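To start, the structure under review is shown below, and the notes come after it.
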Amino acid sequence: MPRHVAIIMDGNGRWAKKRHLPRAAGHKKGVDSVRAMVGACIGRGIEYLTIFAFSSENWRRPEEEVSFLMGLFNSVLEREIGRLHKNGVRLKLIGDLSRFEPRLVELIRHGEALTADNRKLTLTVAANYGGRWDIMQAVNALCREHPQQAGQFTEQDLAPYLAMAYAPEPDLFIRTGGEQRVSNFLLWQLAYTEFYFTDKLWPEFNAQALDAAIVSYRSRERRFGRTSEQLMATADVIAAKAADKPLVQNA
Ligand code: IPE
Ligand code: IPE
Ligand code: MG
């Protein structure tokens, strides 16, 4: 099982268009898929679910759609926080919240504080998030705190300043809606993530579709730069240790 699944929930607008409905209807329907995904992840022992809800580029959409999305975010939080908490979900937000209404920010902070000690599943919602924004805010924070080391920072120095430093990097990335791009999602964290693209539109995505993605994930060999033979050798050592047997039998 992947420990961390990250999803670009795409295709709400096209789902609505196919049904001659306004785009808003697709976004509303998409909330049901989020709820289903939270349940499915808990059921499968997946520890981290990260969903892209609103990108730093989505402000470019018509004002009417942006304000609908903000309102939807507000009402979903109000309605679902209690249930998430009851189900042992820790809620986290990543992104630049400074552009949101104070009332929405307050709701987010309240939800994060209420659920902070839950560990069944960590649900991270990326809102007004961009991968480049994340890297830059981390670089700036690091430089502010350690100005004298500027020019000598390592990857390990930067990592704790990234917005999702509390989570392992995603194992499985899923994008629905047929597009095969990253759209400024978790640029740093996806360096060694397995990618899975599906034509299914987000409102159609369900537990069965998640299982199809997991089947694909499990068929991959994650080499992290090594050779296949090296991985086999490591697996043999682990198996031998687990079985408490010497790796090489004496002749
Ligand atoms: C994803 O669905 C949801 C958000 C970006 C908020 P879209 O709204 O991008 O749906 P399509 O891509 O237009 O079908
Ligand atoms: C990516 O979807 C952002 C979210 C799902 C929130 P978009 O629909 O905005 O991506 P592009 O514009 O097609 O790349
Ligand atoms: Mg889209």
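The backbone N, Cα and C atoms fix where each Cβ goes, and this holds for glycine too.
Database features (TrEMBL):
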type     : residues                                                  : note
ACT_SITE : Asp10                                                     : active site
ACT_SITE : Asn58                                                     : active site, proton acceptor
BINDING  : Asp10, Glu194                                             : Mg(2+) binding site
BINDING  : 11-15, Arg23, His27, 55-57, Trp59, Arg61, Arg175, 181-183 : substrate binding site
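The structure, with features from TrEMBL marked on it.
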residue : record                 : Cβ neighbours (10 Å)
Asp10   : active site            : 23
Gly11   : substrate binding site : 25
Gly13   : substrate binding site : 21
Trp15   : substrate binding site : 23
His27   : substrate binding site : 22
Ser56   : substrate binding site : 19
Trp59   : substrate binding site : 11
Arg175  : substrate binding site : 23
Val182  : substrate binding site : 15
Glu194  : Mg(2+) binding site    : 19
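Nearest neighbour of Glu194 (Mg(2+) binding site) by Cα distance, taken over the recorded positions Asp10, Gly13, Trp15, His27, Asn58: Asp10. All protein chains considered, the CB of the residue listed as 'active site, proton acceptor' has 17 other CB atoms within 10 Å.
Residues from the binding-site residues list (Gly11, Gly13, Ser56, Trp59) with a C-beta closer than 6 Å to any atom of ligand 2: none. Annotation: Arg175 are the recorded positions among Ser56, Asn58, Trp59, Arg175, Val182 whose CA atoms are within 10 angstroms of the CA of the residue listed as 'active site'. Not a single one of the binding-site residues among Arg175, Val182, Glu194 has a C-beta coming within less than 6 Å of an atom of ligand 1. Among the recorded positions Asp10, His27, Ser56, Asn58, the residues whose Cβ sits under 6 Å from any atom of ligand 3 are Asp10.
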